[in-house]
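What follows is a single structure, written as structure tokens, with notes after it.
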Amino acid sequence: MIINDAIKKLALREELTEDEVRGVINQIMKGEATSSQIGGFLVGLRVNGETPRQILGAVKAIRDNGVKVEIENTEHLIDTCGTGGDGSKTFNISTAVAIVAASGGAKVAKHGNRAVSSKSGCADVLVELGINIDFDEIQSKKIIEENGMAFLFAPKYNGAMKNVSKERKELGIRTIFNLLGPLANPAPITGQLMGVYDGALLKDIGEVLLNLGLKRAMIVHGDDGLDEITITTSTSICEVKDGKIKNYKLDPEKLGFKKATLDDIKGGEAKENAEIIIKILKGERGPKRDIVVLNSGAALYVANLVDSIEDGIKKASELIDSRAAYKKYEELSSLQVIV
């Protein structure tokens, strides 16, 4: 299907199929659509409401055009990321979580970018932490397999996304592309901890991850708006496990955490956030550590390294207290040139 036909269907409130969306996104990724066509298509999808099958088709199209990180042993291979856009101004929680999870045996393919709506994106804080974000697919494969975590810089691996960057910026609204970054990991991950900016997305993203073949995944949305498992209130969770989906609430107090406020977990610029992460990895206690431990417990769970989130929380605490997590950070920051 060509993009003009898709726009006509959307204008008539007709639903596009997975294959139709995949075809149109492929056309866009190849630079074969005009700005007007791209804008019309994205707005049409948004107004009609993107379905799980349409999101799945778009993810497959991004992967069709991206660079792949070929990892044979996918056991314990995960990503920890969020859609962003929650406006919370927290520090880079999922980045700290990735390091803790890697220290506990997870293989983390951390897919991300620089800041869009926040002061500090994942790439920004990793640079401040001294962790190389520029490895290619061969180097990243080696690092993930041998050291447990590599950062897959989105523009390097999904460069064709640049074909919609201008239109997305000009539209100034959330589109299907706000969801695609966390879903289009270049590595064949089997587990994922993914935060979303809107609780209405939980079930749909759960269906997408199920259809992508993930063994374990948790899609999370704090009831305070956070795209993480929060410690200020409960969190709504959609869990994918063994081919099934279940939805539930998670209360931090029932897991042994003291409730905090959003101000307690606020961050700042990339340099400040890097300092926060290092302090946590060195054992500093408080709400910032608590939210990292809680989410790290979930990451270890989706990596299939523990049988429950409770066991994951216990293991994450031990990894920080034993300095294993900080040692993993030192190891990762020492990897500057890989041949």
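A Cβ is built for glycine as well, from the same backbone N, Cα and C atoms used for every other residue.
The annotation 5-phospho-alpha-D-ribose 1-diphosphate binding site is assigned in Swiss-Prot to G82, 85-86, T90, 92-95, 110-118. For G82 (5-phospho-alpha-D-ribose 1-diphosphate binding site), applying a Cβ distance below 8 Å and a minimum sequence separation of six or more within one chain yields S94, P182, M194, G195, V196, Y197, D227, E228.
Annotation note: G82 (5-phospho-alpha-D-ribose 1-diphosphate binding site) sits in a strand segment as assigned by DSSP. For G82, N113, the entry in Swiss-Prot reads anthranilate 1 binding site.
DSSP assigns E228 (Mg(2+) 1 binding site) to coil in the three-state reduction, placing it in neither a helix nor a strand. Annotated Mg(2+) 1 binding site per Swiss-Prot: S94, E228, in sequence order, evidence recorded as sequence analysis.
Sequence annotations record features per position, and here Swiss-Prot assigns anthranilate 2 binding site to R168 based on sequence analysis. Secondary structure at R168 (anthranilate 2 binding site), as computed by DSSP, is helix.
E228 (Mg(2+) 1 binding site) is surrounded by 26 other CB atoms, counting those within 10 A of its CB over all protein chains shown. As annotated by Swiss-Prot, Mg(2+) 2 binding site applies to D227, E228.
For T90 (5-phospho-alpha-D-ribose 1-diphosphate binding site), other Cβ atoms within 10 Å of its Cβ number 23.
Residues near R168 (anthranilate 2 binding site) in space but far in sequence (CB under 8 A, at least 6 apart, same chain), listed by position: L42, T175, F177. Sequence-distant contacts of N113 (anthranilate 1 binding site), defined as residues of its own chain at least six apart whose C-beta falls under 8 angstroms from its C-beta, comprise G121, C122, A123, F153, A154, P155, G181. Within 10 Å of the Cβ of D227 (Mg(2+) 2 binding site) there are 27 other Cβ atoms, across all protein chains.
The sparsest Cβ neighbourhood within 10 Å, among the listed binding-site residues (H111, R114), is found at R114.
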